[in-house]
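Asker: Just dropping this structure here.
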Amino acid sequence: MKKFDKERLLLAVAGPVIALVAAIALTSVVLLASGRNPFEPYGLMLEQASFSDVQVLIVNQASMYYIAALAVALGFRMNLFNIGVDGQYRLGAMMAAAVGANVSLPSFLQIPLLLLVAMLTGAFWAGIAGILKVTRGVSEVVATIMLNAIATSLIGWLMLSDNWGVQVGNNNTTGVMKESGWFPGIDLGADVGEIYGLVFLAVLLGILYWAVLNRTRFGFDLRATGESESAAAASGVDAKRMVLISMLISGGVAGMSGLPLLLGEVHTYSLSFPAGLGFTAIGIALLGRNNPGGIAFAALLWAFLDKASPALDYATPVAYEKEIATIMQGLIVFAVVISYEAVRQWGLRRQQRQVGAELAAAAADNNTTQKEVAAR
Amino acid sequence: MHALVGENGAGKSTLMKILYGMQKPDEGTIAVDGEQVAFSSPADAIARGIGMVHQHFMLADNLTVLENVVLGSEKLHGIGGGARRKIKEISDRYGLSVRPDALVEDLGVADRQRVEILKVLYRGARTLILDEPTAVLVPQEVDALFENLRELKSEGLAVIFISHKLGEVLSVADEITVIRRGTTVGTAVPADTTPRQLAELMVGSELPTPETSESTVTDRPVLQVDRLRLEAEGGRAVLDDITFTIHAGEVLGLAGVEGNGQTELIEALIGLRSADSGTIALAGDEITAWPTRKRREQGVGYIPEDRHRHGLLLEAPLWENRILGHVTEKPNSKGKRGFWLDPKGAQEDTRRIVEAYDVRTPGIDVTAASLSGGNQQKLIVGREMTHKPRFLIAAHPTRGVDVGAQAQIWDQIREARREGLAVLLISADLDELIGLSDTLRVIYNGRLVADADPATITPEELGSAMTGAATGHLEHVEESTGESTEAGAEASPEASADTAPEDEAR
């Protein structure tokens, strides 16, 4: 039995490793093709990662990626593709910022209130897609893509000065949040920076994600539905209810993914609030195999590529384009999808063979292979 | 015609996969026409004239027979007149009577099987592998299939035939190879072999003599179905006026050709489909509106007809499959309404089930997909029986299961019946149905059209009711000595298997 555990670990690691190696190799090919040194950029980027201020940036960025990727992964675990994480995240952040700018409670109430607002907003937005799927059979992929577009327009409209917007220079914002809603970070000194306090929210959500999926009845029903909808239904899972609930949870988590930045640094939602986080999160959830540990690794890797690459532009003596990192991220997603499927199939076949071999061996032991020839 | 028999997990499927190029052997050789070959894909095997008819048909329902046949080998005879002529020619030559322009979705099971055979012949196969071809057929259709196979044989083709039904094997094969746990344990010539000898060779030990069991039927109704009606989209009834009662300790056997409403009835009973009218009551409580989970918690056990679709999570470990369907119950979970999962408890109980039900697996952490079909079934039966159901839906409980495991599953059902379990048994294996049931009903076109006494009825008589030819109460017509009545009377499918070859050979 131990052997199978080790097997499974090996298989789990083989997929990402193959994908990363392939992605790096292909990036080198791109570099070669454009007449550059195929290896130097990696060295430059790794060097960046050794600076504490860059490390802080990486951790902060990774915390947001992590939360958003958990939201995506939760859907994946039951075969739901929530592409709308991006809209849910932006809308959640904006609503939290708006409430934070207009409500003033003591910190111990204000912060939970903001978390709740962000969560409910995200859940509401994803819930629309959930209800459409359950009642009308609308694919959640289509619905959430549309809802992303609607969220963009809705946010634009809400942030007009006629509504909740506050003009700051030529940037529209929701106004600065009341200080009771700022979440204190860990200050590592002036030249290093501050780690967002809500990094711990990401960690907590990761633990919760694991516990709910692996240790509760609900999690089992969810995974069962993802693995075989028909078997889950026969086992007593109400598939529609399950779709709705997981959409709500996924949206709720997605709604919170902008909070580390909002409560920890910028304290206002503006037009320059980063968009596209939800799409990046899809790649991260894929690379992390929907596993909380794997996603943490993937989020850190992605954040590293993001934060270490700008220095490439200023490298001496030869400068590289920082877009190399973007190319790599794209290639990783590609390689991940292919290598995971290949490894999965290979693993299944291998296990079947092993089971066969072990049974045959066991049979040979207590059978001493006597061949009866009957009725000849 | 060469038959291959063996227990589940004996390696029949693996051997066939190797012959058909789906898997590679680690050692040993294969020779076709005296020439050693190595296949790396089914295409290689086809090129060598080996064709496979799978147990589960691989046809596109919304295409015609012609389209299905040419699909993938358009280069052979084109897709138009040439192909049609070729199909006609093959069909006539082997007496397959296949109509090239019929839509596959309009065809019955037996016709589809003939299309599959034709597909293989069309690709130039000289050696046919048939994987449990009779599992889905009624006796009359089986005879027709055997006619076709004999035709093929007389034209000089070789047929490899995999089956669990020993009577059939003996009646149709020229030579039999028995394999057990991955090796050949013997060969036999049908003329000198009895089903019992063959079965013992397969299992590797003396078969337990089936004990005679007295009736355990009580007058306490457990499941009452009253005027149940279920409609397909558009209002056509797929089930109509279904009324029956199963008492504690009673096995009600439902005979019928597949696709006559059995699936829908099962789904209505387990709660996957809601009745359009009529009621279902479990021990006096009306459960018509209960969701599936509540029904299962309240003691409805379910051995599904398609274990891959409804009974297992194929890529999950065995112990998670042990939880499936009973996630709110001990030992799988704890806390209020089973909020927390209890992996330790479930794992421990899985080990017990594996032990008690002889599930052959190296451990409980392997995926369900890596077990053979029979071992998967044993796990499911063990899981359902563990929760002491009051009413058990057993759909094809021994389909694809070897003789040893079959007897074991029957024993478990009988045992539970003695303790007051009510069972709805649905099976395509008429011997099993007759041997195990206390009451027999026949379903045809969504209605219960006939009933029969399992103590006297023969498979042939039942078969004619299944095709709609006979209705009402079926009376056995005494034609020979009391022997056939004797065999059916005492719930011993093994014993009736003894008489089967004569029946089938006719």
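For all residues, glycine too, the Cβ spot is worked out from N, Cα and C.
Because TrEMBL annotations are produced automatically, they should be read as predictions rather than curated entries.
Under the heading transmembrane segment, TrEMBL lists A:9-34, A:54-76, A:88-105, A:111-132, A:141-160, A:195-213, A:243-263, A:324-343.
Structural setting of the listed features?
Answerer: Here the transmembrane segment (A:111-132) has Cβ contacts under 8 Å with residues 71, 82, 84, 87-89, 91-93, 95-96, 99-100, 103, 105, 138, 140, 143-144, 147, 151, 180-181, 183, 201, 243-244, 246-256, 258-259, 263 of the same chain, all six or more residues outside its ends.
Residues 81-88, 90-91, 94, 98, 125-126, 128-129, 132-133, 172-174, 269, 271, 278 of the same chain, all 6+ positions outside the transmembrane segment (A:141-160), place their C-beta atoms under 8 angstroms from a C-beta of that stretch.
Sequence-distant contacts of the transmembrane segment (A:195-213) (same chain, six or more residues past either end, CB-CB distance under 8 Å): 56, 59-60, 62-64, 66-67, 70, 73-74, 77, 115, 183-186, 188, 219, 222-223, 253, 256, 259-261, 263-265, 292, 295-296.
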Asker: So if I exclude everything within five residues of the ends of the transmembrane segment (A:9-34), which remaining residues of that chain have a CB under 8 angstroms from its CBs? That is, six or more out.
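Answerer: For the transmembrane segment (A:9-34), the sequence-distant neighbours (Cβ-Cβ under 8 Å, at least 6 residues beyond its ends) are 41-42, 287, 289, 291, 294, 297-298, 324, 327-328, 331-332, 334-336, 338-340, 342-344, 347.
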Asker: For the transmembrane segment (A:243-263), name the stretch out of A:54-76, A:88-105, A:324-343 with the most CB-CB pairs under 8 Å.
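Answerer: Highest pair count goes to A:54-76.
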Asker: Residue list, the transmembrane segment (A:54-76) vs rest of chain: Cβ under 8 Å, 6 or more residues beyond ends.
Answerer: 48, 82, 85, 88-89, 122, 140, 188, 192-196, 198-199, 201-202, 205-206, 209, 222, 226, 246-247, 249-251, 253-254, 256-258, 260-261, 264-265, 277-278, 280-282, 284-286, 288, 290-292, 295-296, 298-300, 302-304, 306-308
